[in-house]
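The active site annotation in Swiss-Prot covers H99, D102. Per Swiss-Prot, the feature Mg(2+) 1 binding site maps to E230, E266, D294, D337. The Mg(2+) 2 binding site annotation in Swiss-Prot covers E266, H269, D305, D307.
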Amino acid sequence: MVYFPKIEKIKYEGTNTKNMYAFRHYNSEEIIMGKTMKEHLRFAVAYWHTMTQDGSDPFGKAVNKRSWLGESPMETAKKRVIAFFEILEKLDVEYFCFHDIDIAPEGNSLKEFFSNIDEITDLIKEKMDETGIKLLWNTANMFSNPRYVNGAASTNNANVYAIAAAQVKKGLDVSKKLGGENYVFWGGREGYETLLNTDMKFEQDNIARLFKMAIFYGEKIGHKPQFLIEPKPKEPSKHQYDFDAATTMAFILKYGLEKDFKLNLEANHATLAGHTFEHELNVARNYGALGSIDANQGDVLLGWDTDEFPTNVYDVTLAMYEILENGGIEPGGINFDSKVRRSSFEMEDLLLAHIAGMDTFARGLKSAMKLKEDRFFEDLKEQRYSSFKKGIGAKIISGKENLESLTNYALKNDEPIIESSHIEYVKNILNDYLY
């Protein structure tokens, strides 16, 4: 069955096009700094928002029109696979991502759930072999089922912990089966409501134990994806242990996981943590731990995870600059963890929304390339920190100074002359680079 019969494969037509179903900026084969746009951006489509989100919210029922709903959960699951790969092919997107419960119904037992996963991943593998589309990453949903009300790896119930471990094992088996390049952990329930009844160290020790089990099992089955942790400060938990990039890096380093784990960073999660997206990317990059990103945007006027499709060229430009500074993001990618707005309920809105996101990242990539070619930020920073290139500054950097010698220097010299940073001018010039 064809689900989008009136929509052809999306092609690049430039900014003068009147065709809704065309890329205005994303030209997959355009060469940017020695690589094609497709190689730089490594786009992925998220199975959950694309295939399972129905448009309902706490105040209203489902509104999304979807023609792949079947008479049984397994029939719906199979139809979703066919429709999903049609979307991927029409967008010419090479990668996809999913949680286990996105693709297969849980059924009435863990055994039935795993059997359903096996059947659906057989179909997914057929479509992957047929199309050449690849799995960027998969993960286990260990936050939706009521059993995880007190956490998965951080739970107070050992039997729940065992089920979480079983889901991770199955997830890694599926990752090997489908050739997954990364494997993600997101701890939506790994946190606490109150410290009154919480042993934080015990819970974090147990989370680390599960991560080490995952590393060991991957090695045992001969499959070594890049493991990724996705930070988020809150929602659904009041206080999540993977609060932001810096907090998560502290966890990774404390438990000696840095050889196997990097970060999967989401723009909207940065907003919830009180950071810009480029801040989170910069922190991860400085640790050598920028692994992959979830592309979306939040609404700074709202206090929850809105997961809007990214259309802010300014923010995306600064994000792409960090990725270029990182030398790229492979084997990670740019996964659209984004959902259409409730009023965008037609099936074709799924394609239009991804076109918008892909065009925005293409513009951000070109803007970031120009910034790098002109050394815009590099020259600014070199000038700003120039006092450390010579004289006493160079001696400080080389380790030749100490508190006593610097005190003597300070006492012999006049009060330093402080220079303006001209921030408003810098921001004004930055606007000239936005395509």
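In case you wondered, yes, glycine gets a Cβ from its N, Cα and C as well.
Positions of Swiss-Prot features highlighted on the structure.
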residue: H99; record: active site; contacts (Cβ under 8 Å, 6+ apart): Y47, W48, N138, T139, A140, N141
residue: D102; record: active site; contacts (Cβ under 8 Å, 6+ apart): Y47, W48, M51, T52, N141
residue: E230; record: Mg(2+) 1 binding site; contacts (Cβ under 8 Å, 6+ apart): V184, F185, W186, D242, L263, N264, L265, E266, H269, D294
residue: D305; record: Mg(2+) 2 binding site; contacts (Cβ under 8 Å, 6+ apart): K232, E235, N268, H269, L272, G298
residue: D307; record: Mg(2+) 2 binding site; contacts (Cβ under 8 Å, 6+ apart): H49, N268, N296, G298, D337, S338, K339
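Taking the Cβ of D294 (Mg(2+) 1 binding site) as centre and 10 Å as the limit, one finds 24 other Cβ atoms among all the protein chains shown. Cβ neighbour counts within 10 Å, taken over all protein chains shown, single out E266 as the most crowded of the binding-site residues E266, D337. D337 (Mg(2+) 1 binding site) falls outside any helix or strand according to DSSP and counts as coil. According to its DSSP assignment, H269 (Mg(2+) 2 binding site) is helical. The Cβ centroid of E230, E266, D294, D337 marks the Mg(2+) 1 site; residues of that chain outside this set whose Cβ lies within 8 Å of it are W186, N264, L265, A267, N268, H269, I293, A295, N296, N335, given in sequence order.
DSSP assigns D305 (Mg(2+) 2 binding site) to coil, not to a helix or a strand. Report note: the Mg(2+) 2 site is defined by E266, H269, D305, D307, and the residues of the same chain whose CB lies within 8 Å of the CB centroid of those residues, excluding them, are K232, A267, N268, T271, L272, D294, N296, G298, T306, D337. Counting every protein chain shown, 30 other Cβ atoms lie within 10 Å of the Cβ of H269 (Mg(2+) 2 binding site).
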